[in-house]
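Notes for the one structure printed next.
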């Protein structure tokens, strides 16, 4: 960004901060108590204070003026501040002239100036001050008519001409009146400027609303005014003034406990109005953004900023603070009670920041454990951050238990930190298992089952805690104070953190149980059948010394097929449903039919090598005849034509029957499925069902963050749009409609396009 743009951005924020300060002062100013004090004082006889309603109207005029300063364009705002600066300079010139006249009257000397050194010094000082004021006024107003601002030089000229002191007093008053008339003339000549600005602004607003709508108008004003940065700067100025006022009245240094109390009390003093509360919300959001940015930079360096996640931008913590403050009536409490409540709210916000840090660190740590990266510095950074996230939440929970009496509501609050530590412990345990498997020559048996049960343990703890929060919230709603906001949060929490988690967990358990039952019902291939088949496993691309046979006559390793069935109930090659003996009808009665039908096929994780090219590419020695069926389907799908399902199955079976060295790897999945999969384990399939629509946010953050989870369906639509933009295939309306109604057809078209793009020239 050029220097000029940076200066303009700083001015755009800095010049609007006084408008928020004025709103804060007007909110804190009690007009009724102000007039009661005036009536009890000697000023009650002053005619100016007899018009109480006029002063009330001026109070509302102050609100209008602050809103005008807030919404005025930057060019007009700079010009307005220049006018105000000129008025202040003229007032300073008047003060210098009045002080000089008073000093001359006190001295009583009326002779020549050069005969009295004191009079000469006073005259020289006043003359230099007036010349500086006149020069600055002409520069600010950008005019060469410096005489317009030289009225305050008349008393000095009169004193230089040996005019009597009594006459100099009248000359000073004349100079003041002349300057006032100049100001009145300037205001009268620009009286219609506010009306013209308001008229122009109204015309532009109407045009924007007619063309783009109210939402676009609101977003444009949000970006032009930079409201988050503006409110953050306003709150920081308010907080700095509060700290300065405290230390300016204290001589002795404060102790450690006193500093903590001072910090909380100062924050509580800066949250007594809606404007200061919004400032604190945006300040907390930017602090959380800075902490999360440092966390990503510590883990990945500059590569972390290439793939920025929109969900890790600190808005969760800010909205949490806002919802809890509104729910508890924070600004209506006294300062001591407000500081007490803020300590609990800030604890919850810090717990949410730690949870967001864990969401950033968890996939990076697991990826390091599953990869073969031997960089000690990368592993040290990941493990050290995990150790910090393991110890610090537990320390926070211990400290808050020292300050407050242990109760059920306190247990609900500290459970967020406890669950964060448990999640970090599970992540470190999986990381250690990966590293042990890296050291061992032979793979660890049932590694996926171990990882599944480790993840399932703390997921179960989260679910139990979510049930406790629901029970506590329902009891407070029934027997305590009932509020609409609290009931809404409890309902959202019950749906997203209890019902959906229970449903997904139960479906995952049923899929694993059904996979084991189906695997037991499949026959084992004999050595003669394996020798006659003479092929490799289509999942792991390794030789088969033992295998099971599916009802569609395909051979797989038992362990590979079990991992596949944990996620899908269909054959990896032909996508036909695998039927167990106990379920002659096909799919499991306990598992919904959508779990295995109509979904894109997840990718088999392949150990890449010279004989096994990456997924989506064909080997160099593949003959053209072996991929003709797939390429025909690809060409048909890319042109928007209908792709029969039989052609797809024939192409898949033809590829399965090819020799091992020329076999075409299975096509890659769509981007939406890849985004919803967990971190792939080396040589293994994921051991749990995808759950991209749910975040790992702890349910103990008093359920405020759950309001952000409402647009989860929007995320799915965005993933579909992202897939269409990255697939590089034609997307007319009919193509999109068929892809939406038939996911298998969409899968065939995408896989064909991926194979065609991956074919070497």
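Residue numbers in this text run from 1 along the chain shown.
Positions of Cβ are set from backbone N, Cα and C atoms, glycine also.
According to TrEMBL:
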type     : residues : note
TRANSMEM : 54-73    : transmembrane segment
TRANSMEM : 80-97    : transmembrane segment
TRANSMEM : 123-141  : transmembrane segment
TRANSMEM : 146-165  : transmembrane segment
TRANSMEM : 171-193  : transmembrane segment
TRANSMEM : 205-223  : transmembrane segment
TRANSMEM : 229-247  : transmembrane segment
TRANSMEM : 282-299  : transmembrane segment
TRANSMEM : 339-360  : transmembrane segment
TRANSMEM : 380-401  : transmembrane segment
TRANSMEM : 408-436  : transmembrane segment
TRANSMEM : 456-475  : transmembrane segment
DOMAIN   : 537-575  : domain 'RING-type'
REGION   : 578-644  : region 'Disordered'
COMPBIAS : 623-639  : compositional bias 'Polar residues'
REGION   : 657-677  : region 'Disordered'
Taking contact to mean 3 or more CB pairs closer than 8 A (sequence separation of 6 or more), are the transmembrane segment (282-299) and the transmembrane segment (380-401) in contact? yes
Which sequence positions outside the transmembrane segment (380-401), separated from its termini by at least 6 residues, show Cβ-Cβ distances below 8 Å to it? 295, 298-299, 344, 347, 350-351, 354, 357-358, 361, 364-365, 368, 410, 413-414, 416-418, 420-421, 424-425, 427-428, 431
Check for me, if you would, whether the transmembrane segment (171-193) reaches the transmembrane segment (205-223) - at least 3 Cβ pairs under 8 Å, residues 6 or more apart in sequence. no
How about the transmembrane segment (80-97) and the transmembrane segment (146-165): do they have 3 or more C-beta pairs under 8 A, pairs 6 or more apart in sequence? yes
Can you name the far-off residues of the same chain, 6+ from the ends of the transmembrane segment (123-141), with a Cβ under 8 Å from a Cβ of it? 82, 85-86, 89-90, 92-93, 96-97, 99-100, 113, 148-150, 152-153, 156, 159-160
As a test of reading the model: what is the averaged pLDDT for the domain 'RING-type' (537-575)? 85
Short question: which residues 6 or more past the ends of the transmembrane segment (229-247) have a Cβ under 8 Å from it? 13-14, 16-17, 20-21, 24, 262, 266-267, 269-270, 275-276, 278-283, 286
Please spell out the DSSP helix, strand and coil residue counts for the domain 'RING-type' (537-575). 8 helix, 6 strand, 25 coil
